[in-house]
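Swiss-Prot annotations:
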- C64-C92: disulfide bond (DISULFID)
- C66-C81: disulfide bond (DISULFID)
- C71-C91: disulfide bond (DISULFID)
- 22-56: region 'Disordered' (REGION)
- 1-16: signal peptide (SIGNAL)
Amino acid sequence: MKTLVLLSALVLLAFQVQADPIQNTDEETKTEEQPGEDDQAVSVSFGDPEGSSLQEESLRDLVCYCRKRGCKRRERMNGTCRKGHLMYTLCCR
């Protein structure tokens, strides 16, 4: 059940990332790595207002990052992110 919820959240996150309008400016189209570019945080929360077993501590706040180079310690690879034509690794903890 937890796996199903996690996968559903990741699918919804992927749809949201693809649906966001992309604004191309000169700064955004540079392929050079900018400071802090590896740490694009995405926060995902689970649960309903009345409370359920899904609101356990491990599922309450799932924080994901789109990283250029592999995941850091305590993070797991959960898929890919796309910003424009560039692909990133989706790392969650």
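Glycine residues also receive a Cβ, built from the backbone N, Cα and C atoms like all the rest.
Keep in mind that this is a model prediction, so the values were computed, not measured.
According to its DSSP assignment, C71 (disulfide bond) is coil. Within 10 Å of the Cβ of C64 (disulfide bond) there are 22 other Cβ atoms, across all protein chains.
A 10 Å cutoff on Cβ-Cβ distances gives C66 (disulfide bond) a total of 22 other Cβ atoms nearby, all chains included.
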